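So the structure is just underneath, and the comments pick up after that.
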C-alpha cells in the first residue's frame, strides 16, 4: 500500500510540476508579443534550471539505486528543456544590461552542475555518499529556487499590483511543493522532502499576496476608462464648439 501511494503521489507530483514548468508560457507569449521583458525577472528561470539539472542527475542510476526515483528524472528532464527555452527567449528580448546579467547568472549554474556531476561520478564510490552529496547541493539550489519569488513578492508589496507575479505560477508552485514533500516523506528520502518544506509555505504566501492585491490591478483600469471617457466627452464638446463657430462665420 505504501509503495502504491508513493508511486501515485510521484505521478501527481509530475503532473503538478509539469503545469508549474509550463505556466511561464503565458508570460513569454507576452514577452514575445511586446518584444520586451518589461519588469519580469530572469532569476526564477535560472534557479529553476539549476534545480532541474541537479535533480535529474540525482534521479539517475549513477546516484540513486536503480530507477527508484524515475519520476524525478522525467519531470526534471522536461524542466531542463522548458527552462532553457525560457532563458533563451528572455535573453533574446532583454536590453543589453539584462543580457549581460543573464549570462553572468547562467555561467555559475553550468560550472556548479558540471563540478557536481564530476565529483559524484569519479570521487565518491557508493550510492549513499553520492545521494547525500548531490542531494545536499540540490537542497541549497532548491532554497534559492523557492526563494527567488521573494523578488516578485517584494515588488507586489511595493507596487500593490500582482501584474508581474502570475497566479498560475504561484498556485502550481505551491501544489508541486506539497506533492513532492509528500513523495519524499513516503519514500523516506529527506533530501527530496526537505526543499519542499520551504517551498510549500513560500508558495502559500504568494497565493495570500495574490488574494490581497489582485483587486488593485482592476482599479487603475477602471480609473483609466473613466479618464478616457472624460477626455472623449471633452474632445466632442470642443469639436462641436469649433463646428458652431464655422457655421456662424
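Note: Cβ is positioned from N, Cα and C throughout, glycine not excepted.
Predicted automatically and left uncurated, TrEMBL annotations should be read as such.
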If I go by TrEMBL, the feature transmembrane segment sits on one of 192-213, 214-235. Which?
192-213
May I ask which of the stretches 6-28, 40-58, 70-89, 164-186 has the most CB pairs under 8 A with the transmembrane segment (132-152)?
40-58
Contact count check, CB pairs under 8 angstroms to the transmembrane segment (40-58), set 6-28, 101-120, 164-186; argmax is 101-120
Could you name the stretch, out of 6-28, 101-120, 164-186, with the greatest number of CB pairs under 8 A to the transmembrane segment (70-89)?
6-28
So if I exclude everything within five residues of the ends of the transmembrane segment (6-28), which remaining residues of that chain have a CB under 8 angstroms from its CBs? That is, six or more out.
40, 45, 48, 71-72, 74-76, 78-79, 82-83, 86, 89-90, 166, 168-169, 172-173, 175-176, 179-180, 182-183, 186-187
